[in-house]
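As recorded in TrEMBL:
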REGION    1-28  region 'Disordered'
TRANSMEM  48-66  transmembrane segment
BINDING   V60, N64, S303, L402, S406  Na(+) binding site
TRANSMEM  78-98  transmembrane segment
TRANSMEM  129-151  transmembrane segment
TRANSMEM  220-238  transmembrane segment
TRANSMEM  250-268  transmembrane segment
TRANSMEM  292-316  transmembrane segment
TRANSMEM  328-350  transmembrane segment
TRANSMEM  389-410  transmembrane segment
TRANSMEM  430-447  transmembrane segment
TRANSMEM  459-480  transmembrane segment
TRANSMEM  500-522  transmembrane segment
TRANSMEM  542-563  transmembrane segment
Amino acid sequence: MTSNAEKFGQDNPGFQIENGENGRATKDSETKIKVDGIETERAQWGNGLEFLMSCIAMSVGLGNIWRFPFTAYENGGGAFLIPYIVVLIVIGRPLYYLEMALGQFTSRGNVQSFSSLSPAIKGIGYGQLLGSTCIATYYCSLMALTLFYLVSSFTSDLPWSHCKVEWETENSQRNVTCVSSKDTESVTGRNKISSSELWFTKEVLKEKEQINDGVGPPEWRLTLCLLVAWFLTFAVSVKGVKSSGKVSYFLALFPYVVMGALLIRAVTLEGSTEGMLYFVTPQWSKLARAEVWYAAVTQCFFSLNVGLGSIIMYSSYNSFDHNINRDALVVTTLDTFTSLLAGTTIFGILGNLAHELNVPVEDVVKSGGTGLAFISYPDAIAKFQSVPWLFAILFFIMLFVLGIGSLVALHGCANTMIMDNFPTIKPWKVSAATALFGFLVGLVYITPGGQFILTVVDFFGGNMVIFVFAIIEIVTLMWCYGSENFCNDLEFMTKQKVGIYWRITWTIITPLFLIIVFIYSLATLTRLDYGSYEISDLALGLGWAIVCVSVMIFASFFGVSFYKNRKFGFPAMIWETFNTTNWGPENHSVRLAWKEEKLRKSAEVASSGKIWITRKLNFLIGR
């Protein structure tokens, strides 16, 4: 056990920092890192703007375009902005800043950051890595679909705009009628289905109605698109942040050019005003429902990328004194603005579609997610009177660029974890290996039953796992390591006092809010389905297996650490398990300065404590 002088005044005696340089990784200069006796270089962003643009490209993605508008519509319309902004203030922004601070302070990826705090909680990083891997593999399959639609858009006669003869036999058996997307006819009712929907399910996905007999083989055209998507992701990530930082300007800014063009076109369409008003019209009665607040939390997680490890990974390549407070404010604000911009644009176009069909806006609103991107929006584009192919090309280029920006960040999490542990491996080899792995796993999502698997993996791996480890992350940092210790570290790094807003949200509001919402989500959990089809027990078993594996990984590191320290006896084994020998800045000179600051504050606390005790004793004895 360490002496009192070596504890550096930590609030929690379970976390100790030793005077000696026992850490495994130290920096001899700003870029030189010594790991297991091997000196190597850790890359850094070319400048602060590259980091900011990369964060924008990461956070502003598909979730803003196809998830937020319909999530808002289904949960109160304009009134949904109230819970969403509240969640952004008490959960989204605090978690975003927390993860930025963690990565920049340690100069390590998420796995090594938690490992340096304590080997017992290393499983947090691996749990987040499992969740981000789940998302990355199916995310790229959506990009493959986007690329397929993009290639198919280079024709004046959009292929989803008319019904095909080969569909007629199956349609007659199902007692449904195909309605061409070109027709100015309302596609509503149980016996009507649009050519856009049939083209997506029958021609693109070749979708099955159930997967009890297997998911089927990958569709060869989508396989090629998936390969191209992963190759482009590899090309951007081939040199780590040295290459992705240069591309980030295009990935962050180009989508806004397209969104601006689409918005201008949307507001000039007849009937667009009705659609936009429909999007923002508040339904106040829904605010009292707990599921609306749960939807706001999940949308915030999905949109900002918090809890995935990608924010920690990106900020770990910053210089130690970078102004992350400003960047966190810019990114979280811009993300919300983009969601509103996308919702206004999309519902403006759907409002024009409702006007042409002479039906209410709600009759052309099919669904969110995949249904919006590959059914509702293509259906609306097909009805444009002039150059529909141009708007289709612009829309799918925008989606693809947004997807690349987010996927590069998810891909970088795995790359950084490997390079932090094996720094001598060339970055391009790591990037190629992880891209190949992602491609092979992603093949399951482009099979005829792939959308069933995607639904399961998204719910359990992309939502539940991330939610669980976001709770563990903030509870560990704030309630175990100690909020005061973390704030002191942050003050040393930024040279600014940590405000009361961050202290209250990190310590009380954010963890309690997350715990309450998570318990509610479990209490109201219903059987998962995909459209009108029930997910099979086997597929649900796969989903729960993902959750169990992630929790077991975390528990195993906990158990191993306790077992190794059993010789100290109880309760000393607990304090020894949670010691922070390796915690601190990775740069050698900065680390020494940080330790000196910790000692100075420890002395101040000890001195003030003695003065208070002396005064109290004097008062009691009447002096």
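Placed from the backbone N, Cα and C atoms, the Cβ positions cover glycine too.
TrEMBL annotations: computationally assigned, not manually curated.
Annotated features taken from TrEMBL, shown on the structure.
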{"residue": "V60", "record": "Na(+) binding site", "Cβ contacts under 8 Å, 6 or more apart": "A252, P255, L334, D335, T338, L402, G405"}
{"residue": "N64", "record": "Na(+) binding site", "Cβ contacts under 8 Å, 6 or more apart": "S303, D335, T338, S339, A342, L402"}
{"residue": "S406", "record": "Na(+) binding site", "Cβ contacts under 8 Å, 6 or more apart": "A57, M58, S59, G61, L62, Y139, N305"}
Counting only residues outside V60, N64, S303, L402, S406 in the same chain, those with C-beta within 8 angstroms of the Na(+) site's C-beta centroid are M58, S59, G61, L62, G63, I65, D335, T338, G405
Long-range CB partners for the transmembrane segment (292-316) (under 8 A, at least six residues beyond its ends), listed in sequence order, are 51, 54-55, 58-59, 61, 63-64, 67-68, 71, 74-76, 80, 83-84, 86-88, 91-92, 95-96, 99-104, 106-111, 113, 125, 128-129, 131-132, 135, 241, 286, 322, 324, 331-332, 335, 339, 406, 409-410, 412-413, 416, 462-463, 466-467, 469-470, 473, 513-514, 517, 520-521
**Message:** Counting a contact as 3 or more Cβ pairs under 8 Å, with residues at least 6 apart in sequence, do the transmembrane segment (129-151) and the transmembrane segment (328-350) touch?
**Reply:** no
Between the transmembrane segment (78-98) and the transmembrane segment (430-447), are there at least three Cβ pairs closer than 8 Å, leaving out pairs fewer than 6 positions apart?
no
With the fewest other Cβ atoms within 10 Å, the residue among the binding-site residues S303, L402 is S303
Counting Cβ pairs closer than 8 Å to the transmembrane segment (220-238), the top stretch among 250-268, 328-350, 430-447, 500-522, 542-563 is 430-447
Counting only residues at least 6 beyond its ends, the same-chain positions whose CB falls under 8 A of a CB in the transmembrane segment (542-563) are 118-124, 126-127, 130-131, 134, 453, 456-457, 459-461, 464-465, 468-469, 472, 528, 573-574, 577
Long-range Cβ contacts under 8 Å made by the transmembrane segment (430-447), restricted to residues 6 or more beyond its ends, are 133, 136-138, 140-141, 144-145, 205, 215-219, 222-223, 226-227, 230-231, 233-234, 237-238, 240, 411, 414-415, 418-419, 453-454
